[in-house]
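Lifted from TrEMBL, the feature list:
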- 1-72: region 'Disordered' (REGION)
- 18-33: compositional bias 'Low complexity' (COMPBIAS)
- Cys184: Mo-molybdopterin binding site (BINDING)
- 556-631: domain 'Cytochrome b5 heme-binding' (DOMAIN)
- 653-771: domain 'FAD-binding FR-type' (DOMAIN)
Amino acid sequence: MPSPDDRVLWYPEGLQTPSEVSASPSPSPAESSLGETVQLPAPFFPPSLVQQDHPRGESTVPRGLPSTLNLPEVPKEKACKGIDSLDVGTPDAWIPRDPRMVRLTGKHPFNSEAKLKDLYAQGFLTPSNLFFVRNHGAVPKIDQKMAEEWKLNIHGLCSNPTTFGLSDLRSRFRVVTVPVTLVCAGNRRKEQNVVKQSLGFSWGAAGISTALFTGVYLSDVLEYIHPKRNAKHIIFEGNDDLPNGPYGTSQLLSWARDKRRGMMLAWAMNGLPLEPDHGFPLRLVVPSQIGGRSVKWLSRIELSENESQHHLHFQDNKVLPMPVSSDQARAEKHWWYNPKYIIRDLNVNSAIACPDHDEIIDTSSQPHNEVYVVKGYAYAGGGRRVTRVEVSSDNGHTWSLASITYPEDLFRAVTDFDSVYGELDLTDSDACFCWCFWTFDMPIATIQASRSITVRCMDESLALQPRNMYWSATGMMNNWWFRVCIQRLEDGRVRFEHPTMAGAQPGGWMQRLKDAGLDPSNPDFLPDPSAPGQINNTEGPKAEAQEVQMTKPGNGRKITITELGSPEAKEHAWFVVRGEVYMGSGFFDDHPGGAQSIMLVAGEDATEDFMAIHSSHARKQLADFHIGTLEGTVEAKASDDDEPPSGSFLSAKKWKKVVLVNIKDVSGDAKIYRFALEGEEQELGLPFGQHVYVRLRKKVTSTNVGEGELVQRAYTPLSERGARGFIDMLIKIYYPTTAFPLGGRMTLGLSELSVGDTVELKGPVGHFIWKGKGIASIHGEEKHVSEIGLVCGGSGITPIRQVLRGILTDASDSETKVWVVDVNRHFEDILCREELEQLTSEHPGRFRLHHSLTGKSIPENWTYSVGRITREMLTTHLPTPGDNKLVCICGPVSMERSVKAFLNEIGWDSSNQIVLF
Ligand SMILES: Nc1nc2c(c(=O)[nH]1)N[C@H]1C(S)=C(S)[C@@H](COP(=O)(O)O)O[C@H]1N2
Ligand SMILES: [Mo]
């Protein structure tokens, strides 16, 4: 590797060493104002213009950086060769361009951006053919000879005015390569134009690109030409020929002299000469400022007391105050000359690239706990770092942290010296000149439940992307939250919709809202407008005010409190949400939270819990089960009976936190979760036969800050009623299987927990209580029971076991007889088997136990039944029906149904002899 002292000439052309250069066959001499004749390597010409038949025509592919440096790949894409038919007949018809570029101002001049998806797919460094282009006019036609003779004239208030040829710059100053992201101030302007037409054309979110720029630091050149004391501004001029004179703008000289701001005079991009569109043969590169400051085709620099007087220095790249309309800005020139409104540094901004506009995913075919990786870019100005990227799925009500990668930081970790790139050394730089990338794992379930994905970021100065658009006449620096709308298709798939499509392309939710007469600057993408914590849109009309319809239109039936308490209502689990009555039994089979949680609210007002955990999708579904409007109100009560003794943990009204302290594997997928109550000596306060609601927020990823879905389900504890300080719960985790691809929402949520996490409990709930001394309470009615049958399947054992223990451990009851029928698939699946066996041996006269196994492998000396529950099994292993008798059932819905049907056949009365848990 050559050492820095070897440097003679730096040229953006492959593998030559300086000695090869001097020996190259046809060097073109270039006379510099320094009086030295230097050799320019041949060819020094943009690859797109190198003819195939050119003697060096093959050297159009950039040389990568040494792989040992472990830096982002230098784009290998070949330069375009063909002339795009759109350029034919324009002054630019000599420039090969990539037809994939989206033209934003018709054919000419060339203002274009790649498709956001294509741009993002390129990664950190953008190949020059997909690098956005902003040309105010025709591209100066510069051939090889003109490039070799290019003059940069630096003059004005300086002691050493000098005219440099490119080779002078290369040989006099340290040649450096720096990755820099350029962003046009108009990036994302289309969004502003949809709200109200600005003076500018419609950039999408791809008016941004990144390249390795090779050149010399402007600060080094300024040291050489020695500015005078009264010089305050440094003016740059390109040699494009525009109606109002050449393109030009200026910087504060103090900024330009500051090496840390990284301003460069650059001749190469990604290891090749600049393409004509990007300023061949020389441009200014101003990192972290708007692209408009990076003057292309740079030919003149002037040091001055005053800022640039170029037309476009005043008439462009400003953010005028919001109240100034486009017409006003056009008519009243003074706005443009007010120095306060100039834009220098970029502002914080971010956009979503994945999902792409119009991307469709099939959420229904994916497991609920599967995630979709949302991705995008973010940047800040002034060398500041993006310090957080946050994603919201509820229209900005709550936010989760995305993970960010900063490929630019890789450059800070290495140094290199290379004949193409010169010095690669950012080891002493803390400035962020480039975009960063972020990703966020969004659960499919969240996508299903929400209407938008929103991103915002914050930078080191704590500047945060705003919720509302700051519209201005130039439409520049648009950086409000970037929102992608989620649209549910009829077939269960979802389609994503970006805010706009660049240029004249149709599409995007902003135009759609506008066409619908809504305010596109005030979208309301809340999952449900009535959800708690809704942000009230105070400015402007409310867009998309879509209250979810939870009732059947035209259903005028009135339901009285008495009807709500009728046996029919209990049988079909009628419940109340927001004053409307619903028939819960219609949804037993499909309810993701299980049938039990619906049965538990039968006859009750379930508004609070329903609204807390159900998505707008679920709310919509509720309409199908609407049967009428309640006359009067139901007392909010969670238990039919006694309030728990004071001092015990549970509250019927309030969710209370418990901490997970232990997880114990039991068998197969079953685990015992132990949660600590508030006090070590505290009792739970749960009567025999009743349940507790467990509610938890699902974790999403390790980087997520608690934005998962809220899930809730009723469980019966495993711990003894008298247990103090803790509650044990036996949970069988339903992992996704091919037959049940979503797995159990609640149990998967539990499986994500680790010790130290919290869940919330509320209760007791349920209509059945074993009160002791042979007394049961069913829907508040007491009944004396002499014999009780308990039928359960799988983890349905937990409430059954509580009742069983309640009876057998009751010192004041030696009468009540218990029969248990427990059905499982395999022998190993039988939960609490040993305990059950032990209780039978302890209470031979009172407790009869029977099992059945439905699986294929049956243990050799199995003495119980095999196969599903039959009528005969229930006849033989339960008491005969009678007035003082009762059967309780707990298991999967299908089992509960068939057991109930058999019991009816045998002669059990549904209204007061059968209890479904
Ligand atoms: N000479 C000249 N320099 C120019 C421009 C121009 O039209 N002429 N456009 C400016 C603007 S507004 C932008 S955003 C950047 C775009 O650089 P690019 O076309 O290389 O992406 O160049 C800047 N430099
Ligand atoms: Mo720009």
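Sequential numbering from 1, following the chain as shown.
Even glycines carry a Cβ here, placed using N, Cα and C.
Across the domain 'FAD-binding FR-type' (653-771), the DSSP tally of helix, strand and coil residues reads 7 helix, 53 strand, 59 coil. Counting Cβ atoms from all protein chains shown, Cys184 (Mo-molybdopterin binding site) has 25 others lying within 10 Å of its own Cβ. Residues belonging to the domain 'Cytochrome b5 heme-binding' (556-631) score a mean pLDDT of 85 in the model. The residue listed as 'Mo-molybdopterin binding site' falls within neither a helix nor a strand when secondary structure is assigned with DSSP, and so counts as coil.
For the domain 'Cytochrome b5 heme-binding' (556-631), the number of residues in each DSSP class (helix H, G, I; strand E, B; coil) is 35 helix, 16 strand, 25 coil.
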